[in-house]
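Trainee: Handing you a structure now.
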Amino acid sequence: MSGEEDLIDYSDDELNNETTAPASNGKKGDAAAAAQNVDKKGSYVGIHSTGFRDFLLKPELLRAIADCGFEHPSEVQQTCIPQAMLGGDIICQAKSGLGKTAVFVLTTLQQVEPVAGECSVLVMCHTRELAFQIRNEYNRFSKYMPDIKTGVFYGGTPIQKDAEVLKNKETHPHIIVGTPGRLNALVRDKHLRLGNVRMFVLDECDKMLDQIDMRRDVQEIFRATPQQKQVMMFSATLADEIKPICRKFMQNPTEHYVDEDTKLTLHGLQQYYIPLEEREKNRKLNELLDELQFNQVIIFVKSTIRATELDKLLRECNFPSIAVHSGVSQEERIRRYKEFKEFNKRICVATDVFGRGIDIERINLAINYDLPADADSYLHRVGRAGRFGTKGLAISFVNSDQDKEVLQQIEKRFEVALPEFPKEGIDASTYMAA
């Protein structure tokens, strides 16, 4: 068995250096027109149990949905769930916060037939935090399905513990969620056997398939699964260059582009920029945190060092801050993530490792202390605020010629004009829910 040092880890630098081409104009799925008044409630896009009876879901799933207080299916759920239930391969692009995770979680739970010691559903994503979150969604929706076991495997934890879980038929998960590096190591060392996988899911697929190392891991894992299986891929952004790569994993997939490219911005999210010098950032950030009303705020920076230093500075100024980045141990990252999600901290300083797919419903303010390198990264970052169609506020610091170019890319890509943040501030009612 190879040691921990053989595992590929994906650092913030690798994520930051990646460039993503603009996604093409999407086409609406045939069923998209059926979406009516989407009611966002609780910690997920609402879904009504009556609507799911139309999908012929198991009573156990309907009961869990009702317990969560969900009310209406979102457009992506109405579009994709019926197709996914038929067992066909699916590519789905829809903007952040509209319930893509629920599509594959509910679909796979509906179809899974648990056999002791066998994995029949494999879900991969690009960060440990997202894997942890997806596993929790499985636990939430399978609460009345006691025979279903779900496990999560990612780097930064002892691989021997994973091997012990997989060796025992009593603890071996039927549904496995994980990151490509750790899963590939488990397959390579013959701890994880995938000969019975029936459903293969990639969440934020473009992030994994656009990076050579991560794509290689995904391909190795894919080869270890049966040829006949259902493959589903999801993302908020999907560049033209990535779509042919996605299709290589599939057989005649149906493709669902729930929102057109220019509509990928988030409804209810107020977006502004502030021009300033690098040396002025800390003072301006302090002013904003003092003056703005918010439930929770996420502040994005470009490196782990800057995250650590800014978090330290904020705490010295008596702001309840926490930092999440790849520079801390995995156990500590998960602990901090849970602390922030459970509202024990109101301010989180993060790198792009926290910029995709993380659902924390109380975040209603996102600040780009450092502007990202491209429009796609901007969308994923500001999408942390205003999730589930709620109100939110995003403010970006712009201090270099490169920042100005990125700002122009964002405005051109999404056909919006980002105004300068007013010196007199803004009315809190425009971004705070009543």
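The backbone N, Cα and C atoms fix where each Cβ goes, and this holds for glycine too.
From Swiss-Prot, here are the annotated features:
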| type | residues | note |
| --- | --- | --- |
| REGION | 1-32 | region 'Disordered' |
| COMPBIAS | 1-16 | compositional bias 'Acidic residues' |
| MOTIF | 50-78 | motif 'Q motif' |
| DOMAIN | 81-256 | domain 'Helicase ATP-binding' |
| BINDING | ALA94, LYS95, SER96, GLY97, LEU98, GLY99, LYS100, THR101 | ATP binding site |
| MOTIF | 203-206 | motif 'DEAD box' |
| DOMAIN | 268-429 | domain 'Helicase C-terminal' |
Trainee: Which has the fewest other CB atoms in a 10 Å radius around its CB: LYS95, LYS100, the listed binding-site residues?
Mentor: LYS95
Trainee: Looking only at Cβ atoms, how many others are within 10 Å of the one on LEU98 (ATP binding site)?
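Mentor: Its Cβ shell of radius 10 Å holds 25 other Cβ atoms.
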Trainee: Determine the Cβ neighbour count for ALA94 (ATP binding site): the number of other Cβ atoms within 10 Å of its Cβ.
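Mentor: ALA94 (ATP binding site): 27 neighbouring Cβ atoms within 10 Å.
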Trainee: How does the model score the motif 'Q motif' (50-78) in terms of mean pLDDT?
Mentor: 79
Trainee: Could you give me three numbers for the motif 'DEAD box' (203-206), the DSSP helix, strand and coil residue counts?
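Mentor: The counts are 2 helix, 1 strand, 1 coil.
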